[in-house]
Amino acid sequence: MTDLLTAVSIMFIITGPFLLVANRFELPTVPFFVLAGVIVGFFVDPELTLELAQYGIALLVFSFGVDIELSTVRTVLVDSELAAFGQILVVGSLGFGLGLLLGVPPGESIYLGAAAALSSTIVGAALLQREFDTNLVRGRLARSIHFVQDLLAILFVLVLSAATLAVDSVATVVGYGVGLLVAALIVNRYLFDVVGEFAGDSDELMILAVVALLALFVGAAEFAGISIVVGAFAAGLAVRHDPVEYLGLFNGLESIKDFFVAIFFVTIGALVVLPFVELGWTESVEKLLLAGGLVLLTAVVKPAVTTAILISQGYEARTATLTSLNTDQVSEFALIIAIEALLLGLLSQSVFDAIILAAAVTMATSSLSQRYDEQIYRTLADHGLLGSRHEKIDEWSDVPADLSDHVVIVGYGRQGQTLVETCEHLDHPYVVIENDPARRDAVADCDAFVFGDAMERYTWEKANAEDARIVVSTVKSEFVSRRILSFGFDTDLTLRSGDRESALELLDEGALYVSHSDLLAGQQLAKQIRALVDGELTPAELRERQQAELEDRADRLPHIFH
Amino acid sequence: MVSEVALTIDLAIIVFSATLAGFVAKQTGQPTIIAYIVAGIVIGPAALGLVEVSELTELLSELGLAFLLFLLGIKMRLEEIQYILSPIVKISIPQMTAVFLAGAGISLALGFTPLESLLIGLAVMYSSTAVVVKMLTDKDEATSLHGKIDVGVLLVQDIVVVIILAVLAAGRPDDVAEVATTLGVVLVLVALVTVAAVAASQTVLPLVFRRIADNKEVFFLVALSWAFLFVFVSDNVNLFLAPLGIEAYLSIEMGAFLAGLAIAQLPYSKELQDRVNPLTDLFVMVFFVSVALDLGTDQLLFYAQEAVIAALVLMPVKFLVFFYLIDWQGFGTETTFLGSINMMQVSEFGIIVAAVAFEGGFIDAEVLGFMTLLAIFTMSVSVYFIEFNHQLFERFEPTLSRWTGDGSFEGGKREYRDHAVVIGYDEVTRNALPILADRYEDVVVVDRTVDHIETLEEEGYDAIYGDFRNATIRKDAAIKKAAFALSSSVQPEVNKALLREVSEDTVVFVEAERIEHATELYDRGAHCVVMPPYFAADRLADYLRAYLEEEAPFEEAIDDDVELLESPEPFPEPADRLGGDLDD
């Protein structure tokens, strides 16, 4: 058995219990890998696993490339979500300034800037899963901010590898980078399916081919003198594909990725020289100061700046705040950038350590701020820190002054839209409450609407809810439902819920009706299956009928609600 | 301070050449193992000399063997192998003795010295775990009866090889007593580790894995952590025992196998197989490529003729020995034939035994070369026999059955056919289950939540824990033979994969969130696409209309819905009022 196997064994043995803790408290795994790594550092020389860690980096970036949806890139670039750029610029400069202030040379302060500005997609996405699922505005917004940051990080790495060379070769390096990307797109378009055909039904060969492709791109990048990150990213683009035909491939790649990425994060932790334990007092204090500053920038200043930018972009305060709170951690890309710079000798050990420590701390605190985000927002709002929001609501809303006996419809999604149709059909007055900027134009076509947050009392005053006949909320979020209940309107109230338990609770607390889509759909499903089983309907008839219904529905609804 | 680390090009060359060779093999119908070995010979010092053994390749090939055995362990449910434990021991001990005698005999005849012949005899006794297990896994026969016999015998051989390595590593043994002591210590250690693994699978593991089973990443990595714990302990067991003055070794393969065995007893093992498989494939590939990386042409080919002769003698001998012994234990003709033909190669352990003997000064480099060539040659040839074992059996069955006794030892797995498969247990599908259970003999539910699996099993449904995206899970649910399939996943790729695999006659219900997904699913042959948000929207609109027009049925309808919400049973009998009175 080699030393390397011993090293890898120890890494995994120590990491296991840390993961159990992370899972127990529903925290993101990345900081726990790093923490485990710190312990591993006492037993294992991290130099041993550096090469394996590099494969971890390659696979991490690779899978980012694989998951990119080019259509997303386009929407993000035209959307107001370009806000991400502004935030990176501001926070990045602050990080750079912090470095200079604490006596870090400019060349190294750049990395502090990068660490402060970029936020972690892995952590952010893990924490936001619920918001993605329920299609909330802030889920989408946070996702695109992370996405823009990741792209910038790769660009940064490309420039970083150029920065070590003379100025005139920067163009060459960027040229190589672009060349790799072009090669990737060619592979993706022409070669990939051919390989897939040759591999036939063998997942083993397909996985091997993709790993070979990754090795080839990484090798080409190394040969051209640019970072392997760029090569891995290009390889990811080359493999990007509809997962349906290659389920085995993409599942397999995930296992391989999980294995090597774990080694990468643990190695990062093992590289940290612990303050006080392994270092003298002065050095330790310096390092902690640097790390502390970085934590402050990332966990406090960055969300503040992002909130300000988003509010100025027209998002209302709650969405802006909650979205920003999802970006309050250091990115795994910052870790990659740091380790690359460390290996190239561009970064001193103490700055590297500060970045890693700040990353571990902020990734852990980020899940706390996520857990208490509503409370944080409320505290800020109650202290008037988010500015007055009423003018915006007034400006964007349109409610007839004498509106009464109307239906208040919360949310203008698929359900809200259908409800509006019903009201218009019956010629009954209604008002829509919506807060997604992407839907502002659509909402503006309604007879009456309030463009504001349903969590805010003012929105409801504006909608004249006290005089309404019924309030119908189509928002699945339990938070929103409870808030609406807490206003204590005299009108009838129907809510929506994603699970049975909370639906029952909401009923107990006074809702007239709680709609639970899955339950209703389950009934419909059972009915159809029974019809089939009893022979009332042949499968072909059912298919025909269902398809006709779908076409009818598609004709009725405007495209954005598909 | 850290020095700059460039990724070594070696691994890239290995992966790339193995891929090329693999594709050629695939196109020409050869097994991939051969492709990997050939790739290794081509890029190794024997031919192009592009790649040498490095620490990284060594790590990956060690991991390959360890993961292969871990994977194998995950597939072994104790209650399924207990009953063949005794025949396995009765087969393996005489088998090794007989093959040892044959190996030593043929070596003497070929002109090797008595000591060399003795060591060659010791080295050829084992069959190749890597080849047999890999081929069995690829052919999905690892848990068939002959597969279990082979694997069992391989593990017994593994124990013996560990003992022999321990003895060789200690230098020339002084007397028989020393050998006996080593033997005793190793057996005690194996027993201890087995007890620890089995005890853990009864106590700690169910608790731990139940908590983490719903988190894909943590689940996988903690399982690996568990495997590495056993690998580490097995490998460093001599360090732990050193203070006691005992010298002993365990193989990492043995440790990995036992770690897997402990997990296999949990209900979550299926899911893990699919997660570990890709890593294993990758690492085992590196193992096979690096088999030939160690030796130069001179050493490899010095005894080329002798190696071929020895191979041609040993393979039939091994086959006959196994055939006689397995038949003697009362297994059926087919099991006997398949179990024997799989095992006729010389193991990679043969090379390791020879390498250790070479380092200990017992033999020359040329004898090591002979062993390597013998192993590579027999492995390569046997791969074809394993690949076509069923065809061979059909060919020779009439002749064979004259020589074999009546098989009293057969077991078969029940297969699903014309059953219903339900993917995901949730509010949408739970109403459908009782209806399906009435109509179909078997209803199989695939789900990734532990709670759901437990609920389903309590209610008597067949539940499979795992992700439908995994091939093993799809195979276990026998989706291809299903008469009815219902998926409550809203992920288009899962549903498209389902529609791709089902037969033309299968009735398929799937779920979708968006209209364009639904359209696509119909295009791909779905019979019904359930769209909960749209359906709920229509329902809500109906209710609103009724409410505003103050119709009486409104109250009734919402009371019915509320009653349904309150019904706590996991499998409600759907009432006839389904659909409500308001739809018309």
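Glycine too: its Cβ is placed from the backbone N, Cα and C atoms.
Per TrEMBL, the features are as follows:
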{"type": "DOMAIN", "residues": "B:16-381", "note": "domain 'Cation/H+ exchanger transmembrane'"}
{"type": "DOMAIN", "residues": "B:421-532", "note": "domain 'RCK N-terminal'"}
{"type": "TRANSMEM", "residues": "B:6-25", "note": "transmembrane segment"}
{"type": "TRANSMEM", "residues": "B:32-53", "note": "transmembrane segment"}
{"type": "TRANSMEM", "residues": "B:59-76", "note": "transmembrane segment"}
{"type": "TRANSMEM", "residues": "B:88-112", "note": "transmembrane segment"}
{"type": "TRANSMEM", "residues": "B:149-171", "note": "transmembrane segment"}
{"type": "TRANSMEM", "residues": "B:183-209", "note": "transmembrane segment"}
{"type": "TRANSMEM", "residues": "B:218-234", "note": "transmembrane segment"}
{"type": "TRANSMEM", "residues": "B:240-264", "note": "transmembrane segment"}
{"type": "TRANSMEM", "residues": "B:276-295", "note": "transmembrane segment"}
{"type": "TRANSMEM", "residues": "B:307-326", "note": "transmembrane segment"}
{"type": "TRANSMEM", "residues": "B:346-363", "note": "transmembrane segment"}
{"type": "TRANSMEM", "residues": "B:369-386", "note": "transmembrane segment"}
When each of B:32-53, B:149-171, B:276-295, B:346-363 is checked against the transmembrane segment (B:88-112) for Cβ pairs under 8 Å, which one has the most?
B:149-171
Can you see whether the transmembrane segment (B:276-295) and the transmembrane segment (B:369-386) are touching - at least 3 CB pairs under 8 angstroms, only pairs 6 or more apart in sequence?
yes
Mean per-residue pLDDT computed across the domain 'RCK N-terminal' (B:421-532):
85
Within this structure, do the transmembrane segment (B:32-53) and the transmembrane segment (B:369-386) have 3 or more Cβ pairs under 8 angstroms, counting pairs 6 or more apart in sequence?
yes
For the transmembrane segment (B:240-264) against the transmembrane segment (B:59-76), do we get 3 or more Cβ-Cβ pairs below 8 Å once near-sequence pairs (under 6 apart) are dropped?
yes
Spatial neighbours of the transmembrane segment (B:346-363) far in sequence, C-beta under 8 Å, 6+ residues away:
115-116, 119-120, 122-124, 126-130, 157-158, 161, 164-165, 168-169, 171-172, 287, 291, 311, 314, 371-372, 374-375, 378-379
Taking the transmembrane segment (B:218-234) as reference, which of B:59-76, B:149-171, B:183-209 has the most Cβ pairs under 8 angstroms?
B:183-209
For the domain 'RCK N-terminal' (B:421-532), the number of residues DSSP places in helix, strand and coil:
46 helix, 24 strand, 42 coil
The transmembrane segment (B:59-76): which same-chain residues, six or more beyond its ends, come within Cβ distance under 8 Å?
11, 129-130, 133-134, 137, 142-143, 148, 151, 227, 231, 252-264, 269, 272-273, 276-277, 279-280, 282-287, 290
